[in-house]
Amino acid sequence: MSSHGNSLFLRESGQRLGRVGWLQRLQESLQQRALRTRLRLQTMTREHVLRFLRRNAFILLTVSAVVIGVSLAFALRPYQLTYRQIKYFSFPGELLMRMLQMLVLPLIVSSLVTGMASLDNKATGRMGMRAAVYYMVTTVIAVFIGILMVTIIHPGKGSKEGLHREGRIETIPTADAFMDLVRNMFPPNLVEACFKQFKTQYSTRLVTRTIVRTENGSEPGTSMPPPSSMDNGTSLLENVTWALGTLQEVLSFEETVPVPGSANGINALGLVVFSVAFGLVIGGMKHKGRVLRDFFDSLNEAIMRMVGIIIWYAPVGILFLIAGKILEMEDMAVLGGQLGMYTLTVIVGLFLHAGGVLPLIYFLITHRNPFPFIGGMLQALITAMGTSSSSATLPITFRCLEEGLGVDRRITRFVLPVGATVNMDGTALYEALAAIFIAQVNNYELNLGQITTISITATAASVGAAGIPQAGLVTMVIVLTSVGLPTEDITLIIAVDWFLDRLRTMTNVLGDSIGAAVIEHLSQRELELQEAELTLPSLGKPYKSLMAQEKGASRGRGGNESAM
């Protein structure tokens, strides 16, 4: 990004403005912007309108698809389509999901390997530390907002008897869930990691134990035989009497034991860990790793060109995805009453985080207006709403940041795949809020220690969500178990989870995108040093191609900003 010497907070000389001077500067800036807007409207021609439509065609088509999809769904609801008919109707949307998921695996691997190989270890370490701090801070803030909203609004006031249960939730011990998370970070088979994740399963085994009981009532298994007659001269008759008074009882019972298992789905966490390590090793190989760098750079470029083709189909797919989900709802009345208050609480919390906290972080660090940036991410956000998966939205997120907003490709290739896997602000907020809501409907008073436990486990569990649809419901079991709340009560909120899942996915994608822009701004020095080193002729094609792409994107971004 360019320097911020022309910030609203500084005079041209660089001296910081006072409060009155800042307000005056802000007022002048708004007046100038209003004047430019009026002049632009007065001089607008048909050519300007056509240029605007061509430049924003993707966004306009995607927004139109959402509006048409919602309208079409409500128009078809009175016909009460069968489940099979709804599946036929949603088929174009299913195709979009499959196309995007097809690109996720090669995109994650190629972008991470190329990004890691294009940076030296020192720069990678600093960027990684900044990313980790950003992820942790935003996730903790999201959890705090969720707890604050559910405490203030108190949507669980009343009884859970009026709430409808839906579905069934599998209970998973907290220790096993976290151990599975660590196991998935180190997959023993990379090929299997492309389509399976490790997941602990449970089986029963028959256990047989022998319990010894005595007449004197001693504890089972603790009775001692009489001393030997060699020691105390006890007669043989006494030994026989003791043996007859001893009873042995054989008990058999079933025991549940954990066994290795698997679940369908990409092990994104394991692939991210491997790709980061592999990219760092290739970067350290210098000339010897040149062939591998060329290969992954070309693979990444080919995948992004495929994204450019699929993106034209995205509005059609989003239209049918959203319409199909609305048609699947059996009773729209569940959005009212107590569950409606819960839904409203989640929406308010997500809006405060996505519309307040994240833009504020962007503004405070970069000193730029965050809303044009969010506008540039609109297509990725709408795609996230349609697919309800941050991983499936990843190809569109790359395109919006790199081609639309001109964020450095070395940053996006490092930050986005990791963020889509571990940075789940919306999921963390939702899990903390939902756990306290379930406590409220059970009239269970939580103390400060239990609320703190919910905060910690919600933050940790959100890392294991892995960007898959409705993963928040699964990881919420960990949060509820940590404070002794009934896990079966998750079924009370399943009826509205399909809708809230889309909103929290949008929050997750926006958090990853703003994180990329923030880390790019903070890493300007490392990027400039890297660019200076790239002027040496011996560093290889991938580095040069990355810089050429970034320079072209920066020129495009500069033109867009000047046109604003």
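Glycine is treated like the rest: Cβ placed from N, Cα and C.
Automated prediction, rather than curation, is the source of TrEMBL annotations.
Long-range contacts of the transmembrane segment (57-79) within the same chain, counting only residues at least 6 positions beyond its ends with a Cβ under 8 Å from a Cβ of the stretch, are 89, 311, 314-316, 318-327, 332, 378-379, 382-383, 385-386. Under the heading transmembrane segment, TrEMBL lists 57-79 (among others).
Under the heading transmembrane segment, TrEMBL lists 99-119 (among others).
The list of residues near the transmembrane segment (131-153) in space but at least 6 beyond its ends in sequence, with Cβ under 8 angstroms from a Cβ of it, reads 341, 344-346, 348-349, 352-353, 357-358, 361, 414-415, 418-419, 422-426, 428-433, 436-437, 440, 451, 454-455, 458-459, 462, 507, 511, 515, 518-519. The feature transmembrane segment is assigned by TrEMBL to 131-153 (among others).
Within its own chain, the transmembrane segment (266-285) is flanked in space by residues 104-105, 108-109, 112-121, 124, 181, 184-187, 190, 192-198, 292-293, 296, 391, 417-418, 420-422, 464, 466-467, which lie at least six positions past its ends and keep a Cβ under 8 Å from the stretch. Here TrEMBL flags 266-285 (among others) as transmembrane segment.
Under the heading transmembrane segment, TrEMBL lists 306-327 (among others). Outside the transmembrane segment (306-327) by six or more residues, the chain places 58, 61-62, 64-66, 68-70, 72-74, 76-77, 81, 86-87, 89-97, 99-100, 103, 107, 379, 382-383, 385-387, 395-396, 398-399, 498-499 with a CB less than 8 A from a CB of the stretch.
If one looks beyond the transmembrane segment (339-365) by at least 6 residues along the same chain, the residues whose Cβ comes under 8 Å of a Cβ in the stretch are 138, 141-142, 145-146, 148-150, 153, 155-156, 163, 371, 373-374, 425-426, 429-430, 433-434, 437, 492-493, 495-496, 499-500, 503-504, 506-507, 510-511, 514, 517-518, 521-522. Here TrEMBL flags 339-365 (among others) as transmembrane segment.
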